[in-house]
Each structure stands twice: as structure tokens, then as C-alpha cells.
Amino acid sequence: MRSSLHHCVLQGWGAGYADIVKENKLFEHYYKEQGLVPEGEFEQFMDAMREPLPATIRITGYKRYPDEQAWHTNMSRKIIRKSPLLEKFHQFLVSETESGNISRQEAVSMIPPLLLKIEPHHKILDMCAAPGSKTAQLIEMLHADMDVPFPEGFVIANDVDNKRCYLLVHQAKRLNSPCIMVVNHDASCIPTLQIDSDGKKDILFYDRILCDVPCSGDGTMRKNIDVWKKWTTSNSLHLHGLQLRIAVRGVEQLAVGGRMVYSTCSLNPIEDEAVIAALLEKSEGALELADSSADLPGLKWMPGVTSWKLMTKDGQWFSDWSEVPSSRHTQIRPTMFPPKDAEKLAALHLERCMRILPHHQNTGGFFVAVLVKKAPMPWNKRYPKVLPHKHTHLTDDRYLYVLLDVVNGADFSLEVPKGASVAQEASAKQEGMCGPPPSKKMRLFGYKEDPFVFLTEDDPVFNTIQSFYDLSGDFPKLNVLTRTHEGKKRHLYMVSKELRNVLLNNSERMKVINTGVKVWSRNSDGEEFGCAFRLAQEGIYTLQPYIRSRIIRVSVEDIKVLLTQENPFLSKLEDDAHAQAKKMGMGSIVLKYIPNANNPAEPQCPIQLCGWRGKTSIRAFVPRNERFHYLRMLGVEVFRDKQGLGQKRGDGEKEGKEQVEDEVEKDAEEEEGAGDNETELDLENGDQNGSSKPKTEGGNKETSS
């Protein structure tokens, strides 16, 4: 994108950045003294920090796209959003992001999930997950094989902030996975969960943990301009203890043989190497830093440092704990300094940590360390085992016992009472040992949420669904849930078998915000045609492998008609699809496109759309942005101004959208389009062609949709 257009755009739309004074003398003095930037490069480092961050996008990895899955422009997000010259490109980014086909994510933020080496059977915990870009990557890796609707693994994504959990839900929902659960806990004392294994209760230990902790964020100065004026050394001193407690809680829940990635968007050793060194020292050999130098070829990074100093906000330096006056002992802790013993220090291999500097490859600043668990933590008396293969299960009763949470991450001297059980641990949490109890009462399977209620195999709701869609015998009825105990079921969702296991065994200790993918919605007209539930587009790729009827095979031209016309007559379809539709009764249908390898000009990936067969017409039920996506794939122009395929938002709505975007840009990760979510196309004119239009009962009232 290096062009005269780029120059013109920068001239016209980048001027606002000049008004912000990007200077902080304390910051420069601190990082010059720390020596993290190679000799002679400090000015380049500072110049890069003052430049706007280039916009980067990542293509969803499991939808059979090309290998070049991440791209960056030479323009900032602000320029792309504000420039009239780039309006079409911006529309493309927003709608493709909303439909889950791309993620707008900072380049360095993509690194931690890649270093976790995810496999589809892994049980994964994302400890501080909002706003969710990395969570989306983890989900994509689980679904590496699109032909497997329910991978054996899952992602539990946690965040301490209840409101930010909904941003997380929004990010995750774009990917329509039955293997994600969003929970709301303080990561430093996230509860230990139980699962059933071969008829016995076991502790859930995770194969992979992402520990992307809250940090001072000075690596994000290129994007979060506020950091320039707010940065001070006391930020890192305040955060170090919390970061260490979260990391400790992570490794406690990691299976032996598992990997945990610790990451920050801060360059500060107090938040980075100091936390890792303290964790390694206290682990007494149970943890080691993995050498990840060969895992991301082409990535430029600086090795972790083995010496650093600490500075107070008034400019006073300390090189060792012994120099710190007792009056400062509450603010400054021994774990903030490097280990004194040179031999011990060398054995930690802190050089295996990775620090990414902005000027080396035009990115944000970032720190990442990969930890492998070789043995149980020394303060844990029992022995979790990693799942070496997806078919191996934990069976030993001894894993039922687990340590009470370590309340203070900087002090591991707590003795474990012999035989401390899961029940005791849960009871300790309820007594507030890990901070204040939640301000609102927890409800069954939820936190200010509707309950999650699993259906039984003989639930009467399956009677008509089974016969209408001719579900195959291996359809997992037990994985279907709803969000109400009483009254009519409005929506039916599905989760994977393993997440069902987690939900059923942890109702009292988990604050679940959202889980499952919607597969059916009740509609008022369907009953007279044989089934009161119509298919939901969100869950079609999960559900379709089990459906054996109500499928119409369509061509590229058929899809164009279905996605550009509101209620086309059946006769508008090509002969083959028309003949299939004529034989089919009214009601919900699957419109299925199967690629033809002999015609490479057409899309080479399968397309499945939810539809409705009316009396004389047919329609597709696809959210607007997904509709745009498929039309783009088929070469149809969908720029809204030119084609009228969507209404421009009113000024008020646009302002609200931009406020959402600006708010989210303050986060250390990328997310846009949160205000542009539509679950259905708003086609209000009804069906002039005689189609019976399904109406979803109860509207879209779910707080978590």
C-alpha cells in the first residue's frame, strides 16, 4: 500500500497526531538506564514509539484460507477509519470482522497463542482474556479440522471485569464454536474445577494456559496515546504482585507436561523477567523456560535480560533489595530484583524470554515467556498428569486432593493441610479468602445470567426435530442446552461433550457468562409444517453433519439470487435446485454449496446457509455481514452506497459506533465492529411471494447474544 494514495491520506488525515505531545522524559531516562535497547538504537526506538501503529489483520485460520494468514498495512487504524478514500476498505474490514472471517489484531498480540502449540484435544485456560483477540486464535487452533464439529478440547476464557466479559463473548461468538466458555473470576484465585472421568471425580488440569496479565502497557504507546502522559515507574511496582499471583495460579492449574505462556504488552523488567525469575525460583525446578527461538522463524526479538534496576517515581534507583529502606517495603518487594546468586541466575535461562521492540519490525512492544511444567509445584502435595494423548484419561483418586489457593504469590511458605480436599477449597473461597465475594448473588450456572439447562435424551422437544431433519443416530442430544427452566424453550444451543462435563460438575464454583453455539430457534409458524424449531445460521456448521433431510444443493448462481433478493420465487433457482425445492415441504432448510474442483473459477470451499422454503418462494436467513462475505467470495460488489445492500447508519448511530471503537482501541488488543452486530437481516416487508415467514418468538432478549 505504499503509494501516492498513502501519502495523500497521511497528509490529510494524520495531522491530528501532531497535536499530542509524545514525550515523557522519565520514560526515556528509565529505559536508557535499563539498557534493553541495543547500543546506538535508542533514537530509532523512540522515533518508532512516536509513530502510529500500522493496522494489522489476521485471517481466520480454520476456514480453509490461504497460508498467508496475517497482513499489515502502512496506515494506522485511525486513517483507515476516517479517510473517505478508504471507506470501501474500511467497510470490508468491519463486515468481515463481524462475520468472524478476519480479526483486527495487533501483530505482536498474535505471538502468544502461536507459542502455545495448540492441538485440537487440548484443554485450554485463557486467564485474562478480554477483549478476546487471542482467545479467538485459540478457538481457531482447536478447529484446525473443519470437518470435526466437536473437537475434544475446549477454551475456558476468563476475565475479572464483568462488562469486559461481554466484549469477550462478542469476539468469541463470531467464530460459532461449541467449545468455548466465558467465565468471570479474579484470575489470581480462579477456582479449581472438577470433571467426571471414568465415573470418578477428577481435578481439571489444563494442557495449555495463556497468562496474558494486566500490565502498565508501555509497549502500546503507539496505539494508546494516553500512556505517554500517564507513564510512571510506580505503575509497574503496583502491578508486579498481581502479575506474580496470577502466574502462580496459572502454573498450579497446569498439567505436568503442559505449557503456559506468560505475556505482557510492557517492556518493563519488573513486570517481565522479575515475575518469571520469581516464579522459576519458587518452583524449585518444577518449571523451566522453553527455548522458543526456532518456533517463529523471521520474528526479530531481544533475549530476556539477567540484570535490571528498580526506580521510584521520584527518580531514586535501587539495584538490590538490601538497599531498599524499610519505609518502602510495602511498595517494593524482594521478587522485583534479579536473583543475587550468579549460578542460580544462569540456571534460570532468562535469556529464553523474548522482548519485541517496536523499531525492529514496525510493531508494538511486547514480552513473552514460554514455561513448561516438569513436575508438580513444590507446594502441591498431589500429582496431576498431562494427557499425553487425547484418549488417555485421569483416573487416580489421589488427584481429587488439591492445595488451598496460595493467597500471596510472593510468599509460598503456606503449609498445606494434609488431605485438603476440593470441597474444603471451595468452602475457603466462599469465605472470601481470595478477596471480596461477588457483589451480586450468583445464580445457578451463571452470574446475572439465565441458567444453562441441559436437555435429556427423551425430551419431547426432540420428537419433531428428529423426524423433521432426520437427525443421524450419533447426534449428541445430551450436548443440547437451553437458557430457561420454565416455559417454552426459545433457543437451543450446543456445547461439546467436554464442556458439558465442566458445566455439570462446577455449578457452585463457576460464574459462567456464556457458552454454546445457537443451533435452533423457535418460530411461531413452523409447527404447522412439522417442526417448531428452525435452524440458526450460527450453528449450521456444527449441526449440518447430523442433518440428513431438508437439504437443497445449490449452485453459485443460486446463492447470488438468494443473497441479493429478499424472497425470490422458486423458479428463480437453476433447474437442479428448483426441482429439489419443489419436492420439499414448507419450513426450515439447509442450502448447501459443494465446490467443484473442475471449475477453479468458483469458490473452492463449502458454503452452508440456513433458509426457509415457502409456498412459492425461498429465502436465506443469513446475518448481513455474512451475506456480504459470501457475495464478495462470488465476485458481487457489496459496497453499500453503490448497491443499496444496506442502509448507512444515521449520524447518532455512527457516533455511538465510533465511541465503541475508540473505547476498545484503548485495550492492548484489536477489536472493532462491536456496535454493528445483527443476528438477523431486517427484512420487514414480509413475503409478497407467498412464503410463510418464520417469526422468532420472544425477540432477541438474551443478554449474552
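Using N, Cα and C of the backbone, Cβ positions are placed for all residues, glycine too.
Note that TrEMBL annotation is computational and uncurated.
Look at TrEMBL and you will find 29-374 tagged as domain 'SAM-dependent MTase RsmB/NOP-type'. For Cys128, Ala129, Ala130, Pro131, Gly132, Ser133, Lys134, Asp159, Asp186, Asp212, the entry in TrEMBL reads S-adenosyl-L-methionine binding site. The annotation active site, nucleophile is assigned in TrEMBL to Cys265. The compositional bias 'Basic and acidic residues' annotation in TrEMBL covers 645-659, 694-705. Marked as region 'Disordered' by TrEMBL: 645-705. The compositional bias 'Acidic residues' annotation in TrEMBL covers 660-685.
Feature map: annotations from TrEMBL on the structure.
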{"residue": "Cys128", "record": "S-adenosyl-L-methionine binding site", "Cβ within 10 Å": "24"}
{"residue": "Ala130", "record": "S-adenosyl-L-methionine binding site", "Cβ within 10 Å": "25"}
{"residue": "Gly132", "record": "S-adenosyl-L-methionine binding site", "Cβ within 10 Å": "32"}
{"residue": "Lys134", "record": "S-adenosyl-L-methionine binding site", "Cβ within 10 Å": "27"}
{"residue": "Asp186", "record": "S-adenosyl-L-methionine binding site", "Cβ within 10 Å": "18"}
{"residue": "Cys265", "record": "active site, nucleophile", "Cβ within 10 Å": "28"}
Distance, the residue listed as 'active site, nucleophile' to Ala130 (S-adenosyl-L-methionine binding site) (CA atoms, angstrom): 14
Cα-Cα distance linking Cys265 (active site, nucleophile) and Asp186 (S-adenosyl-L-methionine binding site), given in Å to the nearest integer: 20
Distance from the residue listed as 'active site, nucleophile' back to Gly132 (S-adenosyl-L-methionine binding site), taken between C-alpha atoms, in Å: 15
Integer Å distance between the CA atoms belonging to Cys265 (active site, nucleophile) and Cys128 (S-adenosyl-L-methionine binding site): 13
Between Cys265 (active site, nucleophile) and Lys134 (S-adenosyl-L-methionine binding site), the C-alpha gap once rounded to whole angstrom: 13
